[in-house]
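**Q** The FAD binding site annotation in Swiss-Prot covers Gly14, Ala15, Gly16, His17, Ala18, Gly19 and is backed by sequence analysis. Annotation source Swiss-Prot lists NAD(+) binding site at 273-287.
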Amino acid sequence: MIYKAGSYEVIVIGAGHAGCEAALASARMGCQTLLVTMSIDHIALMPCNPSIGGPAKAQVVREIDALGGEMALNIDKANVQIRTINTGKGPAVQALRAQADKRQYHLEMLKTLFNQKKLDILMAEVEDIELSAGRVKAIVTRTGARFECQALVLTTGTYLKGRIIVGDISFDGGPGNQFPAARLSESLKRMGLRLGRFKTGTPPRIDSKSVDFSKMIEQPGDKRPLRFSFISPLINRPQLPCWLTHSNKKTHQIVMNNLDRAPMYTGIIKGIGTRYCPSFEDKVVRFSHKDSHQLFIEPEGRDTDEMYVQGLNTSLPEDVQIEVLKSIPGLENVRIMRTGYAIEYDIIYPSQLKLSLECKTVEGLFTAGQINGTSGYEEAAAQGLIAGINAALQVKEKEPFILKRSEAYIAVMIDDLINKEIVEPYRLLTSRAEYRLLLRQDNADLRLTEKGRQIGLVDDNRWMAYQQKEEILEVESNELKFSSFTPADEEMADFLSGKNTAAIRDRVSLWELLRRPELSIYDYVEKGWLRDNDPDILEQLEIQAKYEGYIEKQKEQVKRFEKLENKMIPPDINYDEVYGLSQEAVQKLKIILPASVGQASRIAGVNPADINVLLIFLEKKRRK
């Protein structure tokens, strides 16, 4: 029997990384919010890799932080190792990566949720969504509780009709053998939403007591304290190492001998997997010319013996998994604690969404995370934040919050999801961002904190820290620009000679000199030419000076890009009346309904000739 259980302004279904950000954003913006989860014990679960960050992902975590989200703060409290990767490359692709204590990550997020005003948590399975006149009206749980809402955010992860597969064994289930959301997919289909089926997988977890680390290469964290959040304290806590080993010819032969039992190759798995995180058996087959693959043995926390075998994502039968593991150096006597598996799940094709992450055909329904066809905790959290913000803004009858591709990796991802044809799990990569030199992890606060303040997510403490940083950067950069030396200056001549770099021929500022690869901002601090500021400020000054020319070029590119972005397309346009558009372009434009010519230009199937036709049509219409 269905009964009236209550009413909320915003309801969020699912409490993974997307759901937590959505619920916190909505509540912090003043909306009475309900977060519904199938298990309070699995809130902010890390069912796959125990890490946050990496290329493109670290930039996203920093963007979430700058806007007032939680992921960065949470991983700073719960990491067991943190380091910067890609240090040999430019700042556009350098990235933080932290190993998480999975249990502590869950507990820290749970604490934050419990302490958040205007946020309630309910453990239940939602099986139906009620609509009224094409708008979300209420949700109904399996036990009959009916909650009304003004906006609904779906962040169901891989639970929608989840199916676990190990060898020839399969059963209904969510990540880590939890219950799946069995009925909600049917409710979405009744709304007319188009669903697909994707697949992901996870490696086995092994007992650290059975590992011979002497046969592996230690991978320590950075010695200097690091942080994801711009406002976290810098703490130099004890770190746990990761370990590097490799598969070998024997390992690969075991896989090849058992392909007839691999569900990836027997047809048991129907869902489409991610290209950038293939199963181990897929790697062995696709890269048969390689004799070995890297495998990282990673701790899952400080108070557990479980370790994660990064790079060995598999759905091979359990006995084959054991044989594979025991062929790897250091794992000859290994014990499995949890078997690796594949999971299939339902997704909503994201072309059915607006840039606000609201469904085009169902008013008040927002979706975020793996339900939108993405992979990764960071991608999910970012979408959850945006969906939560826009759900709250809609309740307040305000305009949606939409970032541009030139402003954030978050925008690159959302824009890609809606405009590209997503046929496999989407992973954010630095190569997807046209303006990645502008979208660095170090300047996310400078790009986005003001926007977070405007929508009500950046509190006074964060705002004051941001303003102080801006002020220091301006003062110090001006000092470097106006402090100059001539060739006659002996102190400068000795300094440059000691750094094995050419002497100056004309008057040069410290700012200009810093462009030389031989010189570091810390050299200036050592000489007393610059104050010993916070490391974030010193890093920012150095990047701005060294890459000033390249940064200015990208800013010019952005100006050209924004000309098309600012050419808006009327929402009532009839593409059948736009003479000269290709048939495919008409079809795709009708589905996506782009808001601007810039967005239209990025739709798969819309070519430059179609854009020219569209521009001419809009100009003629404007002149009438």
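Glycine is treated like the rest: Cβ placed from N, Cα and C.
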**Q** According to DSSP, folded down to helix, strand and coil, what is Arg275 (NAD(+) binding site)?
**A** coil
**Q** Other than Gly14, Ala15, Gly16, His17, Ala18, Gly19 themselves, what residues in this chain have Cβ atoms within 8 Å of the centroid of the FAD site's Cβ atoms?
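**A** The surrounding set, listed in chain order, is Val12, Cys20, Glu21, Ala22, Thr37, Ile43, Ala44, Thr155, Gly157, Ala368, Gly369, Ala380, Gly384.
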**Q** Measuring Cα to Cα, how many Å separate Gly14 (FAD binding site) from Val285 (NAD(+) binding site)?
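**A** That comes out at 36 Å between the alpha carbons.
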**Q** Given the binding-site residues Ala15, Ala18, Gly19, which one's Cα is the least distant from that of Arg275 (NAD(+) binding site)?
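**A** If we rank Ala15, Ala18, Gly19 by Cα distance to Arg275 (NAD(+) binding site), first place goes to Ala18.
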**Q** Rank the binding-site residues His17, Arg275, Lys283 by the number of other Cβ atoms within 10 Å of each Cβ, and give the residue at the low end.
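**A** With the binding-site residues His17, Arg275, Lys283, fewest surrounding Cβ atoms within 10 Å: Arg275.
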**Q** How many Å separate the Cα atoms of Ala18 (FAD binding site) and Ser279 (NAD(+) binding site)?
**A** 24
**Q** Secondary structure at Glu281 (NAD(+) binding site) (DSSP, helix/strand/coil)?
**A** helix
**Q** Please work out the number of neighbouring Cβ atoms within 10 Å of the Cβ of Phe287 (NAD(+) binding site), leaving out its own Cβ.
**A** 12
**Q** Just the number: how many Å between the Cα atoms of Lys283 (NAD(+) binding site) and Gly16 (FAD binding site)?
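**A** About 29 Å separates the two Cα atoms.
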**Q** Give the sequence-ordered list of residues that share a chain with Ser279 (NAD(+) binding site), lie 6 or more positions from it, and have CB atoms under 8 Å from its CB.
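**A** Set apart from Ser279 (NAD(+) binding site) by at least 6 residues yet with Cβ under 8 Å, we have Gly201, Met264, Gly273, Asn313, Thr314, Ser315, Ala342.
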**Q** Between Ala18, Val285, which of the binding-site residues has its C-beta surrounded by the fewest other C-beta atoms within 10 Å?
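**A** Candidates: the binding-site residues Ala18, Val285. Fewest Cβ atoms within 10 Å: Val285.
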**Q** For Gly14 (FAD binding site), list the number of other Cβ atoms lying within 10 Å of its Cβ atom.
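**A** A 10 Å sphere around the Cβ of Gly14 (FAD binding site) contains 32 other Cβ atoms.
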**Q** Whole-number Å distance between the CA of Glu281 (NAD(+) binding site) and the CA of Ala15 (FAD binding site)?
**A** 32
**Q** Taking the binding-site residues one at a time (Gly16, Gly19, Gly273), which has its Cβ surrounded by the most other Cβ atoms within 10 Å?
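**A** Sorting the candidates by Cβ neighbours within 10 Å, the top entry is Gly19.
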**Q** Where does Phe287 (NAD(+) binding site) sit in the DSSP three-state scheme?
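**A** DSSP assigns Phe287 (NAD(+) binding site) to coil.
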